[in-house]
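Novice: Sequence annotations record features per position, and here TrEMBL assigns active site, proton acceptor to 254. Per TrEMBL, the feature glyoxylate binding site maps to 24, 129, 164, 254, 257. According to TrEMBL, the FMN binding site annotation covers 77-79, 106, 127, 155, 230, 252, 285-289, 308-309. Per TrEMBL, domain 'FMN hydroxy acid dehydrogenase' is recorded for 1-359.
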């Protein structure tokens, strides 16, 4: 069967993967309301396309933190990719590089920063969890810097792991033949079997619940790399991120895996964008499955988007080729959406190109009789 859209990869991944692994990638927290909402909320935004504009040439290129990329579609950090495919993060890194875009490597990757760097050139960011042992954190950041990573995406929504009931039922743990490669030499690379979720136990033991804004400033004292704060959902925290010296914000609800009943990221986006006041770029992570979704995010003020689950599902289905195809399909759909909306470059995508349920009705200019 020919795959014609990104979402079709999920069913193939479900067939191919062990239940424990598929459930780990696919599930959200508790009732999974936010998981569904991350997708459904895009349907509440409609287009106001402009016609009779010469769209024979469309430029999707952009710059992120000074790095030129081919399109505003980037790869979010997703953990333990070798559970999906033997090549794991290597395959994802090569696919991102071939597409001319950015890959974010998870702290909990099954390939190390050095291994991913060895795949060849490419702009890569490193997602960071802050461990209780700050020496571990400092060491990891230095290794990412040395390996040529260009930014740190600091995850700030996980002082504790969200309650993911599928992982509890499955007694989720990292398969014995894999390790969290970045921590292998520190005796932190293995996950013990637990009475519930092995990952939840690992987080409870290792991740620092006391993480606060002062740590965002501490991080800037140990690295020159720009810091993206990942996990902001409110205007208040957007303003604090700017004050703390963040280089950018990623609006994220952790793929709906942390606190259930937070809004979808596309619904939280505009509030955060307005609060940032153009001082730092704001990105969207969560729920993107179509080129139309990318356009809607940019129309609401995002500088770019990140995709997570589409990467692991396509990786499970077809390895590197699958990830390449996901990036290509999203690129082509986004280009078509731009053309049909009358936009030739990203700067031409405006708030007037969309209408949302929460917009005030536009004044109707009635014809004079």
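Cβ atoms here come from the backbone N, Cα and C positions, even for glycine.
TrEMBL: automatically predicted annotations, no manual curation.
These numbers come from a predicted model, not from an experiment.
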Novice: By a simple count, how many Cβ atoms lie within 10 Å of the Cβ of residue 79 (FMN binding site), its own Cβ left out?
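Specialist: Total other Cβ atoms inside 10 Å, all chains included: 20.
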Novice: Near residue 285 (FMN binding site), which residues of its own chain have a C-beta under 8 A away, given they sit six or more steps off in sequence?
Specialist: 76, 230, 250, 251, 252, 255, 265, 305, 306, 308
Novice: In sequence order, which residues at least six apart in the same chain have a CB under 8 Å from the CB of residue 257 (glyoxylate binding site)?
Specialist: 27, 28, 29, 35, 162, 164
Novice: Return the residues near residue 289 (FMN binding site) by Cβ distance under 8 Å, restricted to its own chain and a separation of at least 6 in sequence.
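Specialist: 5, 6, 7, 39, 310 - these are the non-local Cβ neighbours of residue 289 (FMN binding site), listed in sequence order.
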Novice: If one measures from the C-alpha of residue 287 (FMN binding site) to the C-alpha of residue 254 (active site, proton acceptor), what distance in angstrom results, rounded to a whole number?
Specialist: 10
Novice: Between residue 129 (glyoxylate binding site) and the residue listed as 'active site, proton acceptor', how far is it from one CA atom to the other, in Å?
Specialist: 13
Novice: Can you tell me the CA-to-CA distance separating residue 254 (active site, proton acceptor) and residue 77 (FMN binding site), as a whole number of Å?
Specialist: 10
Novice: Cβ neighbours within 10 Å, counted over all protein chains: which one of the binding-site residues 24, 129 has the most?
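Specialist: When each Cβ's neighbours within 10 Å are tallied, 24 leads.
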